[in-house]
Structure formats: C-alpha cells, structure tokens
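Novice: Annotation source Swiss-Prot lists (6S)-5,6,7,8-tetrahydrofolate binding site at Leu121, Gly125, His126, Leu127, Glu245, Ser354, Pro355, Phe356, citing sequence analysis. The N6-(pyridoxal phosphate)lysine annotation in Swiss-Prot covers Lys229 and rests on sequence analysis. Per Swiss-Prot, the feature site 'Plays an important role in substrate specificity' maps to His228; the stated evidence is sequence analysis.
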Amino acid sequence: MLKRDMNIADYDPELYAAIQEETLRQEEHIELIASENYTSPRVMQAQGSQLTNKYAEGYPGKRYYGGCEYVDKAEALAIDRACQLFGCEYANVQPHSGSQANSAVYMALLNPGDTVLGMSLAHGGHLTHGSPVNFSGKHYNVIPYGIDEAGQINYDEMEALALEHKPKMIIGGFSAYSQIVDWKRMREIADKVGAYLFVDMAHVAGLIAAGVYPSPVPFAHVVTTTTHKTLAGPRGGLILSNAGEEMYKKLNSAVFPGGQGGPLMHVIAAKAVAFKEAMEPEFKEYQARVVKNAKAMVAQFQERGYKIVSNSTENHLFLVDLIDKNITGKEADAALGAANITVNKNSVPNDPRSPFVTSGIRVGTPAITRRGFTEQDAKDLANWMCDVLDNINDQGVIEATKQKVLAICQRLPVYA
C-alpha cells in the first residue's frame, strides 16, 4: 500500500537538494530566456495528479485500454478549450513536445525527400524547420529563406524560392524573430505553388491567444505550438487545424500510432487547466504587458548604444547584436549569468562566429512579466544589463548588479 505522506525529502535527499537548489535559482535569478516561463500551481497540481498512472492509447471514445472514461473527460476538456482559445475545429493535445508535434505534421503531409521551404536557423528559424542536424533537414529537401537587411522576413525572396523549387510545404514561425509575420502573404505564396502552409507558432501562442499578435490559424493548413513559453502551461505540444476531416485523420494517425504510444494524461490535464487560464481577462492583460516590457527594454538598449536586430520588437523577444561591441554571445551570457541574469547566446544574421560562440544574445520578457515586472522595472533591468556588458570583465560591476537583481527578485517573488 502506498502512503500519501511519502515524500522525496525523506527518501531521496540528493534529488531533493537539487530540486530545492533549482527552486531557489528560479526565485533569485531574473529569467530572460524567451522560451521559458513560470507555470501556475494549478498546472503543477494537475501534473502531480493520479492521472499519471493511466495508460490511454488512442483517442477519447476510441481507446485500446479499458478504464479510460474519466481521462477521456480530461482530454475532451483540453481539446474543446484549445479549439475555443484559438478558433479552430480540430485540436490534438497529445504531442509530448513542440518538436514531436512538428514531426507529426511532416509525417502526415510529406514523404521523405519532399521539398520544404523553412526559415533558416541562422535567421531566426527553429531546428525542426529544416536544420541539417535535425530530422527535418535529414529526411527532407529543405530550401531556407531568411530576413532582409532591415531585419524583416523577405517575402519576395520566399515567393521566388517557392516558384523555383515548388515545395510541398512552406513553414512559417520562428524561435528568434521579433517582428509581425504576414501569415496571409505566406498563404498566398503557398497557394501559388500548391503547397501546404504549416505554421509553428510556439513562441507567440500566448500572445495570439490574448489577441496581441496576429493569428495564423485562419491562414495555415496546420498550426503547431508548445504549451509552455508564452502560453505558460506545462511542457508539451499541440496541433491545430481548420482544414477538414481528411486532414484531421492524417494528423491523428501521425501522432498515434505514427510517432507516439500512450499520451501523458497528467500533462493533458495540465494543458486543459492552462487553456482555461488563458481565457481569463488577466491573461490578456499579462500578454499585453509582455510586449510593452520588451519594447521598453529595446528602447533602453538602443539609448545605451546597443544594436537590436530588426531595430525593434513587436512581440516578447529581441536579439541584441554585439558584433560592434566586440563581445561574443558566449561572454555576454556568462557575465550576465554571474549577475543572476539568465539569457541565451544567439546567432545574429550574417554572424561570423560559430553557433557555440555567437555574436548576440536573445532576450525575452514572458517570465519577468509573469513575476510582476513593470515597464520601469524592465527599463532598469536593461540598464543593469548594459552596465555589465559595458564592463564585462569588471567583477565589481557584476557583483553590484547581482545585488540589485537579488533585491528586485525579493520584492517580486515568482510564487508568493
């Protein structure tokens, strides 16, 4: 018999210590990695529920195991809420991650060797959009597109490449692009060559749910997203579509049995909670503040003489180009990390340095906004970061900045 008062602290002190250290790190560090966020205790409660015990291969009402009548209810809630949140007819809430959701789309719509048009990783795309080290680049003929000198997606280049190479699928979406994407133009290009338009909106799903960033759902044949990042739910994936029953059957089959076995029912329940939270008025207010905080930080970096890729941001993230400062992204990442400010090194367009070193950093505001940062707090933070970057080898400046970080983290805890 299992006792409900069993706990990790008593049984596994080594693991418990690591968990406590990570908990403290999250409270005492400012999180600026654009793909990270803090999920709610309600989401974590669902993930720690007894739904973790249930195997449920198949879909609601069509399972391969018995005893699924209650997990069916949980999955149906998640599906209905996802459809309501994003305005679509179809949702598959079973993908374990965004990458697995993307893999399912490839499997559903393409054959190995088919031609795909995807955003270059070096210009802001994602590994699963055709990087040669990823399955997408290994199994498909990928033609990359990028951004122009002004830092905007080059739609004319995209159209020319589409007309030349006749891709079967065009991929929209990004991991490091700060501007508004013209989904309508992308669909027009796809239609000209008879291609599917597949959009990976993982980074901006929360902004889209709140109506502060344009939705690709009315234009794309298929849309995928993660359920964490700006959406602030559990780590997982989601597929959406309005393209009709034939498409829905292909997508369902590609997820199960094509790429996965049993779904993670405790995570699906957590997705249902997160989707409900995303329909609340305060979530919409939060997402609007995310963008305002990003814009405030950009303005402060520019005032301090730092170059911002695309010269602005219209979402939750931006890239700081450090080439002119003769600082590597790796150095900036390490120095800011020593001041308890977490960012990630990131390649910038036409970066002369390797992806392991880079010439830029990516900055995102979902997490700081979640813990209550105002626009003034965001400006102050950008100034502190510039202080560190201007004095990258000065331990005194780094330590003084760390003390400021600890003070604001104490004032604005993640979990009060």
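Every residue, even glycine, has its Cβ placed from backbone N, Cα and C.
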Novice: Among all the protein chains here, how many other CB atoms are within 10 A of the CB of the residue listed as 'N6-(pyridoxal phosphate)lysine'?
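Specialist: Within a 10 Å radius of the Cβ of the residue listed as 'N6-(pyridoxal phosphate)lysine' lie 28 other Cβ atoms.
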Novice: Suppose we draw a 10 Å sphere around the Cβ of Phe356 ((6S)-5,6,7,8-tetrahydrofolate binding site). How many other Cβ atoms does it contain, all chains included?
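Specialist: Other Cβ atoms within 10 Å of Phe356 ((6S)-5,6,7,8-tetrahydrofolate binding site): 10.
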Novice: So how many other Cβ atoms are close to Ser354 ((6S)-5,6,7,8-tetrahydrofolate binding site), meaning within 10 Å of its Cβ?
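Specialist: Taking every protein chain into account, the count is 11.
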Novice: Which one is it: of the recorded positions His126, His228, which Cβ has the fewest other Cβ atoms within 10 Å in this structure?
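Specialist: The recorded positions His126, His228 were compared, and His126 has the fewest Cβ atoms within 10 Å.
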Novice: Count the other Cβ atoms sitting within 10 Å of the Cβ of Pro355 ((6S)-5,6,7,8-tetrahydrofolate binding site), across every protein chain shown.
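Specialist: The answer is 13 other Cβ atoms.
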Novice: Can you count the other CB atoms that lie within 10 A of the CB of Leu121 ((6S)-5,6,7,8-tetrahydrofolate binding site)?
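Specialist: Result for Leu121 ((6S)-5,6,7,8-tetrahydrofolate binding site): 24 other Cβ atoms within 10 Å.
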Novice: With every protein chain in view, what's the tally of Cβ atoms within 10 Å of the Cβ of Glu245 ((6S)-5,6,7,8-tetrahydrofolate binding site), excluding that atom itself?
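Specialist: By my count, 9.
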Novice: Could you state the CA-to-CA distance between His126 ((6S)-5,6,7,8-tetrahydrofolate binding site) and the residue listed as 'N6-(pyridoxal phosphate)lysine' to the nearest Å?
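Specialist: Here the two Cα atoms lie 14 Å apart.
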